[in-house]
Structures are given as C-alpha cells and as structure tokens.
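Chemist: Mind looking over this structure? Questions follow.
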Amino acid sequence: MSLSRESAMNIANVLTEALPYIQRFTGKTVVVKFGGNAMEGEALQNSFARDIVLMKLVGMNPVVVHGGGPQIGSLLEKLNIKSEFINGMRVTDSATMDVVEMVLGGTVNKQIVSLINRNGGQAIGLTGKDGQLIRAKKLTVTHKTPEMLAPEILDIGHVGEVQSVNTAVIDMLINSDFIPVIAPIGVGEDGASYNINADLVAGKIAEFLRAEKLMLLTNVSGLQDKQGNVLTGLSTEQVDALIADGTIYGGMLPKIACALDAVKGGVTSAHIIDGRVDHAVLLEIFTDAGVGTLITNKPKA
C-alpha cells in the first residue's frame, strides 16, 4: 500500500528538518538520564530505545544513565525493609545498599540493555564500580531548625556524591560502537558502594566527558514560569534568576541545579524534556521546536 502524497510529504519534511541537526551532532556525545514515566509502559520504553539506537546509527554517541527508585522501593517492601527519606534522599544502610545494587546494577540495568539490544543497538551495562568508573565520597546532610544553635550533621548511610569519572571506560565502549548504560552506583576509596542520585551522576558524567548535551527525561513538559507556560530556551543567568525569585522550587530544584551545574561545567546544553512523550529524545534533538526546556551558557537562549 502506497502512501498518500500528504503523508509522503510529511515524512520528507521531517527528514529534511532533521538533516542539519544530524550533520551538526555527528560525533558528539549526548548523556541521557532515563527514568520516571519514560520507564513505565512498553510503548514508551521501546520509543526511548529506538531513539537511542537511531542516535548511534546517525553518528552520535549516546550514553544512558538510569534511575530506579520505584523498583528499589518495591523490593524493599517485599523484603520488609523500611524505606526512610531525608531531604528527598533515601537513607541507605548496608541492607538497603545490597538491595540498591541488586535492583540498579542487576534488574533495571539489564532490562534497559536488553531493551536497546532488541531494538537493534549494541548496549553494555555497567555500574560506577566497574573499572572504577564513578569514584564517590560519602554525602553528608545537615539539618537545622530555628531552635537549634548549630546545624546537625545527619548520617544517611551509603549515600554518595561523585568525586570523579573514569572517562576512559566510557570512551573505550563508545569507540567500539557500544552504547554504555550506567547504573548510578559509585565506589569509595575503601571499596565501599554508594547510592548516588541518577540526575547528579548523569550531570557529572556529561561534565567529565565534555558532552554536547545532557538530557534529563522528566514527568513534566519542561520548566514552567509562574503562569504555567513552558520556558523553551534559557541562559544560565536566567535560570539563576528564576531560582532566586522562587519560580523554580521544590522537587524540580535539584534537577534544574544539576542541569545548571553541568552547563556551567562545560556541557554545551542541558535539556529538561517530557519523558511521557513518544520519541521525546529525537524530537528535542532533531526538530526546530523541541519538546522541553533548553539551558545554555549563551547570554540569550
């Protein structure tokens, strides 16, 4: 069955619109944080995997970093291990860390690897412990109430922050035409494992790789102003101002701060995109309009 003239022209227009972007980004590295609603449902999962495979086929170097908070919570519940959060971070004792490693480094990581491979890619899964990819240190959290004379330092267990990234491991995989899929688990100097926020890991990997783009898939349509309008293009100075005036607050603040730090650290652009949209990654990279918020270091975005 042949296409109608209108359908054929629509396909041709899409391809020609994508061409300059393909030419511009060939050979460039793009770090994509996969999580949230984008991980739920077979259709969105396959949409994401095909986007990643197509990026590789047209000469880009996608690097996937994934989360897995709901899956961790589900297994902890089955094992009757209590989940506790402080400042949005999971308190991670030794028993919880074992579960985190099983879920992130085992189940979720291999599911994503399999998903990409089934859609025609060549993915290899690893955690930050492999090849000492992610060197981490213990994250300390402070807590203060008006009644306290000095802030209290809280121990939240095996929760870490990125100290350094061994980019040679990632470069080796990229140069061998593999797609790295990375679980956000770091390793300390003493060999201890650390649970690290996946957005922060993605941002730091993008920074150390000097990536062209950092893309964070979220459950919202992008960064919004106080009237609920999506802000499609922002400079780092504009983002700083939106944080200062309270437009960016709450749960969105850590994600935006991660994107902001990456761009200030040398990543060309960061993108907050709606993971609930089919082929959101391709639409953001290869179309003029995009489907989210672009943050750059340019005076005007």
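Every residue gets a Cβ built from N, Cα and C, even glycine.
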Chemist: For the substrate site that Swiss-Prot describes with GLY68, GLY69, ARG90, which of these is also annotated: ASN195, ASN219, ASN229, ASN297?
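Modeler: When Swiss-Prot describes the substrate site, the candidate it includes is ASN195.
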Chemist: Using a 10 Å cut-off on Cβ-Cβ distances across all protein chains shown, tell me which of the recorded positions (LYS33, ARG90, LYS255) has the largest neighbour count.
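Modeler: Neighbour-count leader: LYS33.
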Chemist: Please report how many Å separate the Cα atom of GLY69 (substrate binding site) from that of LYS255 (site 'Transition state stabilizer'), as a whole number.
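Modeler: One finds 15 Å between the Cα atoms of these residues.
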Chemist: Quick one: pull the CA-CA distance for LYS33 (site 'Transition state stabilizer') versus LYS255 (site 'Transition state stabilizer'), whole Å only.
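Modeler: Computed Cα spacing between LYS33 (site 'Transition state stabilizer') and LYS255 (site 'Transition state stabilizer') is 11 Å.
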Chemist: Which has the fewest other CB atoms in a 10 Å radius around its CB: GLY68, GLY69, the listed binding-site residues?
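Modeler: Comparing Cβ neighbours within 10 Å for the binding-site residues GLY68, GLY69, GLY69 has the fewest.
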